[in-house]
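In what follows, a single structure is set out as C-alpha cells and then discussed.
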C-alpha cells in the first residue's frame with residue numbers, strides 16, 4: 001500500500017514549493033484526518049538530506065561526540081550512495097520532509113525499496129570486527145545485547161552502549177567488538193543484519209573506523225607522533241612538509257630494522273644482547289648530527305602512549321610480564337575524570353634509571369612492536385615537569401651524563417647476561433668505541449653523591465679483556481697505544497701478569513682463591529696499574545711478597561697514556577677494614593666519598609680521567625701548575641709576604657670575634673674537645689679524599705675557579721719545636737687579663753695553619769685553586785671555624801679548660817647591666833620641675849573631671865563676661881535684677897521611666913562619689929518609707 005506524503009508546516013506556508021505540490025494533492029488529501037495508528041513518533045537517530053546541504057546529517061555526527069575507541073567515518077559508502085540517490089529525486093526521499101518538521105510524517109518506505117537498500121548495504125559495507133547496532137530501544141542495556149550474543153553462542157570482546165554524558169540515557173546505538181573478524185562476519189550472516197531486542201527490530205552494520213594515519217603524522221627526524229593540525233614537530237621544530245612520514249600507526253622511527261652490521265648507533269648506546277641481534281634488530285635510535293641524544297630526558301619513568309581507552313591495569317601488567325616483574329605500584333594509568341576511561345597513556349616508574357633504560361631498550365627492540373588490547377604501544381622516556389627543567393646548566397650536564405651511562409650500563413648488563421655471565425668482555429672485530437664523553441669534567445658525580453657515582457660510568461666494548469690496551473695478538477699489552485691527547489704529559493704505566501696487590505694495615509689483601517676466580521683471562525692477559533704519588537708516610541704498609549709487580553717508573557718516562565676500560569662499580573668488593581671498595585680488575589681501592597682511587601703498592605692516590613681513559617696521579621696537575629707559575633721576582637715576593645701577613649692578621653681578628661661570640665653558647669663545648677693523645681692513628685692520618693669531598697661542596701660557590709684542579713694536600717709534619725705559650729681563648733669581657741697575650745699568640749699560631757705556597761688550609765686539610773678561595777674559606781667556612789676552636793682548646797691545660805668552662809657558665813647567666821651601672825656611678829637625682837611662664841595663675845591642681853564640685857567661683861569666664869556687662873556678684877540677672885541669683889546646677893536625669901517611676905531623684909549629682917551617692921540614696925529611701 002502506497003502512502004501519500006502529507007504537507008508539513010513549511011508546505012502550508014509556501015516555503016519549499018507549496019504551489020507545485022498543490023497541483024498533485026487532491027481535495028480528499030487536504031481534508032483527510034490524520035491516522036495516528038500509522039505514525040511513528042520515535043526519536044531515534046535518522047538520516048535525511050536536503051538539496052541545500054545545511055541539513056545533511058548522518059549517524060557519525062552523533063557517534064563522534066561520545067565515541068573514543070570506535071571512530072566512525074563521517075561518510076561511509078552506504079550513506080554517500082543514499083545521498084546521491086536522494087539528490088537525483090525531484091521531491092527528495094519519500095517519507096522525509098524538506099523543512100525539518102517531521103511530527104506528522106510517515107517514516108515507512110516501500111518494501112521493495114527497503115529490500116533493495118539492504119542488498120546494497122550488504123554488498124558495499126566493508127567487513128570489520130566491530131559491529132554497530134542501530135535503532136536500539138531506550139530501555140536496552142549492555143546485558144540485553146550480551147544475552148543475544150550468548151543465545152547464539154558468540155563471545156564478544158566488548159559491548160559498549162553509547163549514552164548521553166549529561167543525562168545518562170541511551171542514544172539508541174551500540175558497538176560490539178569481536179576478537180576476530182570471522183566471528184563478526186559469522187554473527188552478521190547468522191542474523192541477516194538484524195536483531196530483535198526487547199521486541200524491537202535492531203539493524204546491524206559494520207563499523208567503518210576512521211583511519212588515524214590521516215589524523216596524526218610522524219616526524220622522520222625525531223620519531224615523535226604529532227597531531228594533524230600541527231604544522232611543525234613540537235620536539236625538533238621541523239616543518240610538517242619536510243618531516244612527515246607515512247608509517248603505520250604506532251610505528252616508531254627507532255623500531256625500523258637496521259642492518260646487523262650497521263655502525264649508525266646513537267652515541268652512548270651499545271648494541272643489544274645476542275638474542276635481539278639474531279633477529280636483525282638494533283635497539284638504537286638513528287639520530288642526525290644536529291639532534292639531541294635520547295638520554296637528555298632519561299629518568300626512571302617510562303611513558304606508554306596510544307593505549308586503548310578501555311585498557312586496564314591488569315592488561316598492562318600482563319603485557320609487560322614477559323619483560324619485567326612489575327606490580328600495580330609501578331604503573332599509573334591516567335584516566336578521564338568524567339568518563340573514568342584512560343586518556344591513552346600510562347606511566348611505569350622503576351627504582352633506578354638503569355632498570356628503566358633496560359626495559360625501554362627491550363620494549364623498543366620488539367618485532368613486531370608491543371601491543372596492548374589490539375593497539376600498538378609507543379614507548380619513550382617520560383619528560384619531567386617544568387620546574388625540573390629550570391635547573392642550572394651544571395646539573396643538567398651531570399644528569400645527562402648519568403642518563404647516558406645508565407643506558408649504556410643497561411645494555412651492557414643485557415649483553416653480559418646473554419653471553420653466559422662468565423665475566424669476560426665481549427670480543428669484536430670492530431674498534432673500541434669512545435665513551436669518554438660520559439665523564440663530564442665539572443658535572444660528573446659532583447651533585448649526585450654516592451648514588452650517582454654508582455651509575456656514572458661508561459662501559460667499553462670491543463677490547464680483548466679487562467684492562468687490555470695493546471694491539472691484537474699482543475698478550476702482554478705492550479703494543480703501540482694511541483693517546484687521546486697527543487700533547488698531554490705522560491704518566492707511567494706498567495703491566496703485570498697477575499693482580500696480587502700487597503696489603504697494608506686496614507687495606508684489603510686479595511687471596512689466591514679470589515685471584516683464580518676471575519677466570520682464565522686474568523692469568524693469560526695482563527692488567528695495567530697506575531703508579532701514583534706518595535701522599536703520607538704513615539700509610540706505608542708492611543712489605544709483602546709482591547714480585548709480580550715491577551717497580552713503577554717516573555711520570556715523565558712515557559709520552560702517552562695507557563687506556564683503561566671505564567671503571568665498573570658493580571664489580572667492586574667492599575673492604576670493611578679500610579672502608580674502601582676493592583677493584584679486582586685493577587687492584588685499586590675506591591673511595592665513594594671523594595671518588596679517588598688508592599694504590600696500595602705505591603701508596604698513591606689516583607683519579608679517573610675520562611678524556612684520557614686512564615688513572616692519573618693526584619699530584620700531576622698541581623705540579624704542572626707550579627711549573628707554569630715560575631719563580632716570582634723579589635719585589636713580588638715582598639708584596640706577597642706583606643699581603644700574606646696582613647691577611648693573616650685580618651683573619652685572626654675575625655676568628656677572635658667569632659671566638660668571643662662562640663663563648664655565649666653552651667652546647668657541645670665538652671664534646672668538641674678531644675686530646676691529641678686520645679685520637680686514633682687512622683684519625684690523625686692526612687687523606688686526599690677529604691680534599692676532593694670538600695671540593696665537591698666548594699664547587700657551587702666558585703665553579704669557574706675549580707676547573708682541572710688537583711686535590712692534593714701533603715701531610716702535616718709533626719712539629720718538634722716547643723709550642724707557644726698556652727692561654728685562654730679571649731672571652732667577651734672587658735676584665736680578661738689574658739686577652740692581650742692571646743692577641744699576641746693567636747695570629748702566630750694560626751699563621752702556621754695555612755700554607756700560602758700550596759694554597760692549603762692545614763687545619764681543615766683542604767687545598768684551593770686560588771688565594772681568594774682560601775681567604776674566603778677561612779672567613780666564611782663553618783668547618784674552619786669549628787676546627788679552629790677545637791685546635792685552640794686542644795692546646796689548653798686542664799686548669800685553663802676549667803676556668804674557661806666556668807667563664808662560659810657565667811656568661812650564660814643574665815647580666816644586669818643596669819645594676820652594674822648604678823653600683824659604679826650611683827643613682828642619678830630626679831630632674832627639677834619646669835617653671836611656669838605665668839605666675840598669676842593659681843598652681844593648685846584642679847580635677848578636670850569635677851571642676852564645679854566646690855561651687856562656681858567668680859574667676860570663671862562666664863562670671864567675667866557678666867561683670868563686663870554690669871552684673872555684680874550676688875545680684876540677680878536681668879535689667880531690674882529680677883532673675884536668678886545662683887547659677888543653674890547640673891542634675892542627674894530621672895532614673896527609671898514609665899508608669900510607677902518616681903518624679904524626682906535622690907538629689908545626687910554627677911560630681912558625687914560613690915559613697916556620697918549611696919548615703920543620699922539610703923537617706924531618701926528611709927524618709928520615703930516613713
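Placement of Cβ uses the backbone N, Cα and C atoms for every residue, glycine included.
Swiss-Prot has this to say about the protein:
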- 1-14: compositional bias 'Basic and acidic residues' (COMPBIAS)
- 1-127: region 'Disordered' (REGION)
- 21-45: compositional bias 'Basic and acidic residues' (COMPBIAS)
- 59-70: compositional bias 'Acidic residues' (COMPBIAS)
- 61: phosphoserine (MOD_RES)
- 80-89: compositional bias 'Basic residues' (COMPBIAS)
- 89: phosphoserine (MOD_RES)
- 98-111: compositional bias 'Basic and acidic residues' (COMPBIAS)
- 112-125: compositional bias 'Acidic residues' (COMPBIAS)
- 129-209: domain 'RRM 1' (DOMAIN)
- 212-242: zinc finger (ZN_FING)
- 300-384: domain 'RRM 2' (DOMAIN)
- 383: N6-acetyllysine (MOD_RES)
- 466-524: region 'Disordered' (REGION)
- 508-524: compositional bias 'Polar residues' (COMPBIAS)
- 537-569: region 'Disordered' (REGION)
- 541-557: compositional bias 'Low complexity' (COMPBIAS)
- 620-685: region 'Disordered' (REGION)
- 623-639: compositional bias 'Basic and acidic residues' (COMPBIAS)
- 700-709: compositional bias 'Basic and acidic residues' (COMPBIAS)
- 700-753: region 'Disordered' (REGION)
- 718: phosphoserine (MOD_RES)
- 723: phosphoserine (MOD_RES)
- 733: phosphoserine (MOD_RES)
- 736: phosphoserine (MOD_RES)
- 738: phosphoserine (MOD_RES)
- 743-753: compositional bias 'Basic and acidic residues' (COMPBIAS)
- 759-784: zinc finger (ZN_FING)
- 781: phosphoserine (MOD_RES)
- 797: phosphoserine (MOD_RES)
- 815-826: compositional bias 'Basic and acidic residues' (COMPBIAS)
- 815-861: region 'Disordered' (REGION)
- 845: phosphoserine (MOD_RES)
- 858-904: domain 'G-patch' (DOMAIN)
- 902: omega-N-methylarginine (MOD_RES)
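When Cβ atoms from all protein chains are considered, those within 10 Å of residue 383 (N6-acetyllysine) total 14, not counting its own. Sequence-distant neighbours of residue 781 (phosphoserine) (same chain, 6+ residues apart, CB-CB distance under 8 A): 764. Just so you know, the Cβ of residue 797 (phosphoserine) picks up 11 other Cβ atoms within 10 Å once every protein chain is counted. Straight-line distance linking the Cα atoms of residue 383 (N6-acetyllysine) and residue 797 (phosphoserine), rounded to a whole number, equals 62 Å. Per-class residue totals from DSSP over the zinc finger (759-784), listed helix then strand then coil: 13 helix, 4 strand, 9 coil.
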